[in-house]
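Undergrad: One structure is given below, represented as structure tokens, and several questions about it will come after.
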Amino acid sequence: MGKEIILSPSLLSVDFAHIADGIKELDRAEVPALHLDVMDGAFVPNISFGAPVIKCLRKETNMIFDVHLMVEEPVRYIDDFKKAGADWVTVHAECCKHLHRTITAIKEAGMKAGVALNPATPVSVIDYVLDEVDMVLVMSVNPGFGGQSFIPSSLRKIVEVRKLIDERNLDVRIEVDGGVNLKNVGEVIKSGADVIVAGSAVFNGDIYENSTKFMEKFRERGSDGAER
Ligand SMILES: O=C(CO)[C@H](O)[C@H](O)COP(=O)(O)O
Ligand SMILES: [Fe+2]
């Protein structure tokens, strides 16, 4: 049997005046992970939040903290995110002078390591680190903002990454981030993804209801044998 498909809602679309309430709703819907977008205003045009905020949120929930670092040279902050309670840390291949060293540092700190690819970055960039990572994050929008539309060529990239992982018989997850909603999530999973990020599709409206719908969709796929 394949792996359980994980929903990881992006906190970027939460009402920041009521973050803890949003997290409570996700817990109520039994959502397994929380996607935390850290933006530095340099790699991406936007600034979001950093390790101190994540440390405060850690007291609110036991969900997997799935930290997406959109930060130049993230190797400088690995220990900060470990101390803040991160479980998974994903860095952009485009941001690291020494990608292999950065991945090693994340794992040595006791966290799962992910590598992210912008929409224009080819899969070949991660060829020599694929055996080292726990997850590949395929960006299906240009990073920096929530609420953008899914870029269709991302599906082809997911298929390509899945092929590499399966050919090498690796235990590596594929996370897809950007513009995923209830309409396109089926295709995203079919292409090979098993960690689904959804920001606006979860938080714009009733968080509990939207998360529950996503979770139901995953369970349906599990029971019809389509689980990865
Ligand atoms: O990394 C991100 C943006 O850089 C976010 O995780 C992503 O955009 C999620 O939001 P949405 O589902 O609304 O597209
Ligand atoms: Fe993200």
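A Cβ is built for glycine as well, from the same backbone N, Cα and C atoms used for every other residue.
All TrEMBL annotations are machine predictions without curation.
So TrEMBL says this about it:
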- D37: active site, proton acceptor (ACT_SITE)
- D177: active site, proton donor (ACT_SITE)
- S10, H68, G144, F145, G146, G147, D177, G178, G179, G199, S200: substrate binding site (BINDING)
- H35, D37, H68, D177: divalent metal cation binding site (BINDING)
Undergrad: Name, in the order they occur in the sequence, the residues of the same chain whose CB lies under 8 A from the CB of S200 (substrate binding site) and which sit 6 or more residues away.
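TA: For S200 (substrate binding site), the qualifying residues are S13, G146, G147, N181.
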Undergrad: Within 8 Å of the centroid of the Cβ atoms of S10, H68, G144, F145, G146, G147, D177, G178, G179, G199, S200, which other residues of that chain place their own Cβ, given that this set defines the recorded substrate site?
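TA: Filtered neighbour residues, in order: L12, S13, D37, V141, Q148, V197.
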Undergrad: Would you mind reading off the Cα separation of G179 (substrate binding site) from H35 (divalent metal cation binding site), to the nearest angstrom?
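TA: The separation of the Cα atoms works out to 14 Å.
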Undergrad: What whole-number value in Å do you get for the largest C-alpha pair distance within S10, H68, G144, F145, G146, G147, D177, G178, G179, G199, S200, the residues recorded as binding substrate?
TA: 16
Undergrad: Taking DSSP three-state, what's the residue listed as 'active site, proton donor' in: helix, strand or coil?
TA: strand
Undergrad: Cα distance, D177 (active site, proton donor) to S10 (substrate binding site), nearest Å?
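TA: So the Cα of D177 (active site, proton donor) lies 9 Å away from that of S10 (substrate binding site).
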Undergrad: Under a threshold of 6 Å between Cβ and any atom of ligand 2, which of the binding-site residues G144, G146, G179, S200 are retained?
TA: none
Undergrad: Does DSSP give G146 (substrate binding site) helix, strand or coil?
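TA: Assignment for G146 (substrate binding site) reads coil.
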Undergrad: Sorry to bug you, but what's the C-alpha spacing from H35 (divalent metal cation binding site) to D177 (active site, proton donor), rounded to the closest Å?
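TA: Counting only the Cα atoms, the answer is 9 Å.
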Undergrad: Around the divalent metal cation site formed by H35, D37, H68, D177, list the extra residues of the same chain whose Cβ is within 8 Å of the site's Cβ centroid.
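TA: Once H35, D37, H68, D177 are set aside, the remaining close residues are S8, S10, L12, L36, D66, V67, T90, L137, V197, G199.
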